[in-house]
Amino acid sequence: MPDKKRRVTDFVKGGGPYVWVTAYDYPTAKLVDEAGVDGILVGDSLGMVVLGLPNTLGVTLADMVRHTQAVARAAPKALVVADMPFMTYETGPRDALRNAARLIRAGAEAVKLEGGSEYAHVVEKLVKAGIPVMGHIGLNPQRVLALGGFKMVGKTEEQKKKLVEDAKALRDVGVFAIVVEFVPASVAKEVTQSVDVPTICIGAGPHCDGQILVLHDVVGLSERTPSFAKRYANVAEQILSAVRQYVQEVRTKAFPAKEHYRDV
């Protein structure tokens with residue numbers, strides 16, 4: 001549990017295991033920060049988790065700025081990283097710099113972008129401009145249309161080789177950490193051993209330098225929990241129970257009771 005503010009320089013190889021979780025608003029970010037996570041990702045997964053979209057492609061930079069502002073206000077200890085959403089960096093370093101700067105001004109202390117060696121030149125420009133970058137290889141949700149769905153990556157020798165090459169390319173241009181998503185555990189282990197920056201797994205086994213999960217999966221608010229996630233609570237049932245009781249008490253006029261209001 002961090003007892004001081006986490007910085008990107010605190011994330012070093014061999015210093016983990018590092019604990020990351022997503023958060024998208026002030027109250028949940030405040031809770032996970034108090035719980036002692038090392039890092040909070042304001043993920044573009046908010047499109048699916050919070051906004052009800054079928055994937056992350058509809059998330060805008062304005063969405064990310066607003067949610068990053070809320071999370072940053074609530075997290076005095078954890079490192080806050082914001083996702084760069086679809087088509088905010090693919091068009092080149094100039095656009096990436098301008099868009100990343102908006103997220104930094106919103107309170108992010110680093111940005112995360114998906115992709116490997118094909119975006120190394122973009123990452124390099126951001127890092128040289130003083131913007132810390134977290135890489136993201138393996139399953140890239142922003143490529144879901146090209147991939148034909150949310151499918152495991154790294155099952156072939158060619159894919160495995162590409163993942164290792166991508167990790168090294170991102171390491172070479174200065175990322176401080178790399179998310180490795182939904183790849184075989186043995187491949188994640190090889191990727192982790194190939195670079196001297198921390199790897200953070202999601203659905204990629206125990207061999208990375210840390211783990212990250214979507215908060216709603218952790219607390220039981222998701223409609224469906226992925227096979228690689230663990231549900232530690234059932235908050236959805238608690239909310240349902242509480243609101244159903246509220247509905248019943250209002251309709252039977254049991255609420256508000258005398259202690260809930262004042263009279264002159």
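A Cβ is built for glycine as well, from the same backbone N, Cα and C atoms used for every other residue.
According to Swiss-Prot, Asp44, Ser45, Asp83 bind 3-methyl-2-oxobutanoate; the candidate from Lys13, Lys30, Lys112 that the record adds to this site is Lys112.
Most other Cβ atoms within 10 A: among the recorded positions Asp44, Glu114, Glu181, that distinction falls to Asp44. Over all protein chains present, the Cβ of Lys112 (3-methyl-2-oxobutanoate binding site) has 24 other Cβ atoms lying within 10 Å. Comparing local CB density within 10 A for the binding-site residues Ser45, Asp83, the maximum falls on Asp83.
Following the DSSP three-state reduction, the secondary structure of Glu181 (active site, proton acceptor) is strand. If you measure from the Cα atom of Glu114 (Mg(2+) binding site) to that of Ser45 (3-methyl-2-oxobutanoate binding site), you get 13 Å.
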